[in-house]
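Novice: Annotation source TrEMBL lists domain 'FAD-binding PCMH-type' at 22-213. Feature annotation from TrEMBL assigns active site to Arg176, Glu422. Summarising the annotation, TrEMBL assigns active site, proton donor to Ser316. As annotated by TrEMBL, region 'Disordered' applies to 332-352.
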Amino acid sequence: MSVALSHDSKALTFADLTTMGVGGRIEAFIRPTSRVGLIEAVEEADSKRLPLAVIGGGANLMPTDVDFSGIVVRDTRQDISLPDEATPVSSGADRVHVNATAGTNWDDLVSFCVRIGLSGIEALSGIPGTVGASVVQNIGAYGCEVGQVVDTIEVWDRQLKVTDYLRADRLDFGYRTSLLKRTMYRSPAVPDGTFFPTPRYVVLSVTLALVHRRSAPVVSDQLAGALGAQPGAVMDIDAIRRAVLSIRAAKCMLEDPRRYANPWMAGCRRASELSEALDDASDLMATPPEDQVEPADPADHTAREDLLLNRHSCGSFFTNPLVDRQTAAALPDEAPRFPAPRDPSDPQAGEGRVKVSAAWLIDHAGFHKGYRLAAGAPASLSTVHTLALTNRGGATASDLAALARTIQSGVESTFGIHLVPEPVTPGIDLS
Ligand SMILES: Cc1cc2nc3c(=O)[nH]c(=O)nc-3n(C[C@H](O)[C@H](O)[C@H](O)COP(=O)(O)OP(=O)(O)OC[C@H]3O[C@@H](n4cnc5c(N)ncnc54)[C@H](O)[C@@H]3O)c2cc1C
């Protein structure tokens with residue numbers, strides 16, 4: 001376990017550890033190398049009643065600029081194993097369990113599974129962050145969510161001070177939420193006093209149940225279109241992964257792999273996967289983003305760099321609101337509406353609710369791609385994705401929070417709908 005205490009002028013900051021590149025100085029940073037070390041680090045903070053931030057890749061985190069006077073913990077373990085290997089599946093059974101430690105990079109796990117022919121998570125390719133955090137907000141994309149394939153997670157329960165195994169049916173997965181995430185909040189975006197910004201349950205490892213098959217159905221229309229197939233068509237999982245990565249690259253919805261050059265990020269990704277991501281990043285520069293008429297001129301360094309800055313985000317900053325039927329009906333006819341996803345914490349909710357597009361609301365409230373509060377301001381909406389708030393260089397968390405609040409109040413005054421942030425924002429009130 002390595003402990004870094006930072007008291008000098010070159011102190012470690014959250015800006016070093018987050019994809020958004022913001023956040024204040026960190027008093028103590030612990031990088032456990034074992035399961036026991038991770039539990040001890042959490043206990044070190046909890047027993048002394050110090051603020052605790054267990055983090056992964058910092059891809060869903062926008063901490064305040066104010067210094068963090070507690071302990072930040074990041075699991076360094078990157079272990080993937082196949083527990084069934086000792087007892088190979090017999091004929092007919094094609095379910096295979098894969099276990100990964102919390103600190104494993106999520107996309108490294110996807111790449112591993114696709115390579116050995118396990119299907120189930122290929123549509124979640126390219127989502128930044130770690131395996132541990134994936135189950136906190138139930139990551140999802142292109143019609144799939146990690147909750148659909150979780151078998152069990154092993155956790156350290158900070159309340160009862162025991163380790164436990166939680167099976168998927170206890171995890172109450174919902175749209176960008178889970179039992180773990182709910183332990184952090186009293187209501188959406190309103191932190192609970194006890195377990196925030198880290199859930200009551202610290203994930204030690206996750207076991208997925210995948211299918212031993214090189215093909216899988218393509219659920220999302222957009223993904224099917226990119227593959228030249230009909231929704232529901234069964235496609236090769238490697239082709240699905242490549243299509244997802246290329247859609248994400250065009251929307252700048254992959255993290256900037258150059259962040260791993262920062263010594264504080266060293267060792268967070270497997271070397272082979274990182275070098276592939278760096279190669280893909282150079283390819284992006286030659287690819288015109290979706291709906292951008294003029295591709296960035298590969299010879300124009302400034303334009304290419306500006307495009308790449310769209311990756312300095314937390315992905316989608318707001319969740320798609322779930323509204324009652326009356327509110328949905330009051331929206332203009334062309335506003336996209338979807339059936340509300342299941343919410344296990346509020347079983348009645350699905351019945352009377354409709355999911356509406358946060359991106360559409362933002363755009364139609366007058367905040368278009370590239371929007372910023374003032375000309376040249378370092379915080380802006382992505383120039384290729386309305387839902388992503390980005391740091392164009394030198395933005396502070398308060399710059400981004402001001403942008404987020406302006407968008408929230410603009411959407412609320414135009415459509416009467418309050419947008420809830422998707423990232424965890426310690427020290428910043430966006431409720
Ligand atoms: C470019 C970009 C694209 C994205 N696209 C998507 C997308 O398509 N779909 C999607 O769902 N998300 C997306 N995201 C959001 C992000 O990738 C996910 O939320 C991811 O799971 C965050 O992982 P992390 O390890 O970086 O978590 P962090 O940001 O480090 O932490 C987030 C939360 O998880 C908690 N946490 C971290 N590790 C543990 C642990 N071991 N045990 C308990 N709690 C823990 C933290 O305490 C914190 O509360 C995107 C982000 C970016 C930057």
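Quick reminder: no glycine exception, Cβ is built from N, Cα and C everywhere.
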Novice: Non-local Cβ contacts of Ser316 (active site, proton donor) (under 8 Å, 6 or more apart, same chain)?
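Specialist: When sequence neighbours closer than 6 are ignored, Ser316 (active site, proton donor) has Ala358, Leu387, Ala388, Glu422 within Cβ distance under 8 Å.
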Novice: Can you give me the same-chain residues 6 or more apart in sequence from Arg176 (active site) with a CB-CB distance under 8 Å?
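Specialist: When sequence neighbours closer than 6 are ignored, Arg176 (active site) has Gln137, Asn138, Gly140, Thr319, Glu422 within Cβ distance under 8 Å.
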Novice: Note down the number of other Cβ atoms within 10 Å of the Cβ of Glu422 (active site), including every protein chain shown.
Specialist: 21
Novice: Given the model, what does the mean pLDDT over the domain 'FAD-binding PCMH-type' (22-213) come out as?
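Specialist: Overall, the domain 'FAD-binding PCMH-type' (22-213) comes to a mean pLDDT of 95.
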Novice: Can you see whether DSSP assigns the residue listed as 'active site, proton donor' to helix, strand or coil?
Specialist: coil
